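A.B. asks: One structure follows; several queries about it will come next.
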Amino acid sequence: MLLTRAGRVTIACKLNGWPQSWEGHNRVGTDQFAQAFDTRLDWNYTTTPQVHAGGRSVTLHQGRVWGGTSAINGMAYVRGNRAEFDIWEELGNPGWNWDTMLPYFKKSEKYFIPREDQLAAGASYEPQHHGFKGPLHVGLAPAFTNTSASPRLHAAWESLSVPRNPDFNSGSVRGYSYPPSTLDPTLNVRYDSSRAYIHPVEHRPNLQILQGTVKRITWARQLRKQTQCQGKGLVANGVEYLTEAGEMKIIRATKEVVVSAGAIRTPGVLEGSGVGNPQILKALGIETKIDLPGVGENLLEQPHHTLVYNGNLEESTNAFYAYITAENLFGERLAAVEASSRARIPEFARASVEASGDGALNATVIEKLFTIQHDLMFKKNATIAEILTIIAVGLQFSDYWILFPFSRGSVHLSSKEDIDKPLFDPRLMLADFDVQTTVAAGRLAKRFWQSEPVAAYVGGQVLPDAVTLPDDATDAQWETWARNNAVPNAHPVGTASMMSRELGGVVDPELKVYGTANVRIVDASVMPIQTSGHLTSTIYALAERLSDIIKDTA
């Protein structure tokens, strides 16, 4: 859609999912979140049995609608820490860092300044970090207002040495605050990628929107006879897709093919096209066109947990977030945890390689990636856990997750013809450090509710009950509960990483698939590491940046 601005190119966009707004998919209130789950708007992916998380198969909700997951998610707009984006450059991507991404965050954003009563209720922002003219509307929901509990909730985090953050989108997310959402506060309408980027331009003469399911990319036999691309490598000349009527068709490409199917589906598009690990492709009966073992590997997903208590408040409060550092989490044990986890990195790397079992991973390479991640958490003081606090009438919730798991998963085609049912294995809780950090985050969330400023609001434990996880629960009890209740956080990244090919990367710094002349990817799959923020903001910035890259090289 962004490329239609150029005017001189014709874009054919193949969209999978439901095209029009459905009554349930525009939900904007926190209490309405998840109403689109398990409906026709949800791919409802199921993991393989999670060996280290109770042997359960669990669900990942992803949007099956124009706008993808941005149409059904929680709408939080949080970019992440500066240091996380600076690492992209360290991973073989010259010119990719916080400073070069910030203009694209701003370019995509139309920020709505909070109302005076919202500022009085605890909202805050710093204007220099925001854009005000972009297509994506970002702001606080109209229902965000002051509540009697808000000051006590703030005081509870302060009592635990978690400071107030004036703006989560400044490049530093440490602390607690209220993040904006991807919505139009004047209309109280969700702004997904369809509303922001598709509908405003869908009638442009150089845009054609097709409905169907992409199966694979088709390839030219000769380099430039059927294309106008300037790159070197295998040339894509079209995309094969299944129409809603069940008919297989091909749409021809004369310049570029841009894949944006998401971290779960993009690897399947590549593998179905013969791009990936030859060992996996052979087993699927697919001819290898490009030997690229990183396809579908390096899947990074955060394990999500929830604590629920009965409460005695007759009001609902604004959901607010706390981003926690290793120091907040481990306190006096920080140095010991840092040293022990650093010493175990080779062990974590070997475990990842053994769990993969497809020959795609190299322990030495994984060790290097883990060391970079470890330095991010312990030397660069990045936040390592997120705790979301919600008070509803009669109930209190803490949703929490670790931000940088050492567990690495994968996603691959389950069969040559079925892209809709991938082998999705996040390998939740594979690394013991993930368990240790999850337990520490859960303990901190519980301490929050037991702290003096808010303890009077809290009744009995609902989830887990007090027998399963009593106040004096041991680490072993916490671990058992954490393993048996971990679910995907719906933040999958990394399955077509922008890294050097030697590190297992799939795309280069121009987001072009290695070995191809004209295939690019722009979605969360290219993010080489997790982010402490939520994915939406980064994906929009990636799309804006790729648009400029393509226009500059056209």
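Using N, Cα and C of the backbone, Cβ positions are placed for all residues, glycine too.
So TrEMBL says this about it:
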type	residues	note
DOMAIN	63-86	domain 'Glucose-methanol-choline oxidoreductase N-terminal'
BINDING	V65, T69, V214	FAD binding site
DOMAIN	262-276	domain 'Glucose-methanol-choline oxidoreductase N-terminal'
ACT_SITE	H491	active site, proton donor
ACT_SITE	H534	active site, proton acceptor
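Help me understand the surroundings of these features in the structure.
C.D. replies: Sorting the domain 'Glucose-methanol-choline oxidoreductase N-terminal' (63-86) by DSSP state (H, G, I as helix; E, B as strand; all else coil) yields 9 helix, 3 strand, 12 coil.
Mapped onto three states, the DSSP output places V214 (FAD binding site) in strand.
Long-range contacts of the domain 'Glucose-methanol-choline oxidoreductase N-terminal' (262-276) within the same chain: residues 43, 45, 60, 62, 68-69, 214-219, 284, 286-290, 292-293, 295-296, 299, 411-413, 416, 419, 422, 424, 492-496, 506, 513, 515-516, 521, 523-525, each at least 6 residues beyond the stretch ends and with a Cβ under 8 Å from a Cβ of the stretch.
Under the DSSP three-state reduction, H491 (active site, proton donor) is assigned to coil, being neither helix nor strand. Sequence-distant contacts of H491 (active site, proton donor), defined by Cβ-Cβ distance under 8 angstroms and a gap of at least six in the same chain, are E301, Q302, A524, Q530, H534, L535.
There are 25 other Cβ atoms within 10 Å of the Cβ belonging to H534 (active site, proton acceptor). Taken residue by residue with DSSP, H534 (active site, proton acceptor) is part of neither helix nor strand, so it is coil.
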A.B. asks: If you count other Cβ atoms within 10 Å of each one's Cβ, which of the binding-site residues V65, V214 has the most?
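C.D. replies: Output for this query is V65.
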A.B. asks: What is the Cβ neighbour count of T69 (FAD binding site) at a 10 Å cut-off, with all protein chains included?
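C.D. replies: Taking every protein chain into account, the count is 28.
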